[in-house]
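See structure below.
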Amino acid sequence: MWLIAGLGNPGLQYQNNRHNIGFMVIDAIYQSFSFSPWSKKFQAEISNGLIDGEKTFLIKPQTFMNLSGQAIGEVLRFYKLDLKNFIVICDELDLPPGKVRVKTAGGNNGHNGIKSIDAHCGTDYCRVRLGIGHPGSKELVHQHVLGNFTKSDQEWLSPLLDAIAKNIALLIKGDRCLFMDTISQATKNKNLQ
């Protein structure tokens, strides 16, 4: 059994923010597979289905980004899931737009959602970090992450979301290198800034 969590902030005013790319990926996965209707429990929106024959829960914490670990911790404990079967998808300022990095464990790199998960759940889980680019100045970070993706961002964002959804089974199978290579190939001809 697997848990895939996308990080973001709840509410219509945040749905197109760069910070919500994790929620966007979860929605793309949800649309690509047969998942149950969303239900609200564990301070989250949660759905379950099968990905490549593996029972999988999708979760979008509704606690706001900085408290994501509360909701995720509840789900992990309730279903008695091991961290090795947990994948979190989040935005990453320090990667160029559309770039993907996958790793297990490590630091939070200043990401408050990851910091919350680490505090509530531990650190030994798979992190899929999706580049949203850095605005260049620390003073502009808050405005950048809470800013909406632009029309030109859709040139790389839509293919990225689609490629991740179609290839998420590779991560569940444990083939991180092939996952990253496949995503890179699917988005390499897109206009990344």
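Even glycines carry a Cβ here, placed using N, Cα and C.
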Per Swiss-Prot, member of Asn109, Asn112, Asn148 binding tRNA alongside Tyr14, Phe64, Asn66: Asn112
Residues flanking the tRNA site, with Cβ no more than 8 Å from the Cβ centroid of Tyr14, Phe64, Asn66, Asn112 and excluding those residues themselves: Asn9, His19, Thr63, Met65, Leu67, Ser68, Gly113
Same chain, 6+ residues apart, C-beta under 8 Å of the C-beta of Tyr14 (tRNA binding site), given in sequence order: Gly8, Asn20, Leu146
Coarse DSSP state, helix versus strand versus coil, of Phe64 (tRNA binding site): coil
Residue from Asn9, His19, Phe64, Asn66, Asn112 whose C-alpha is spatially nearest that of Asp91 (site 'Stabilizes the basic form of H active site to accept a proton'), among the recorded positions: His19
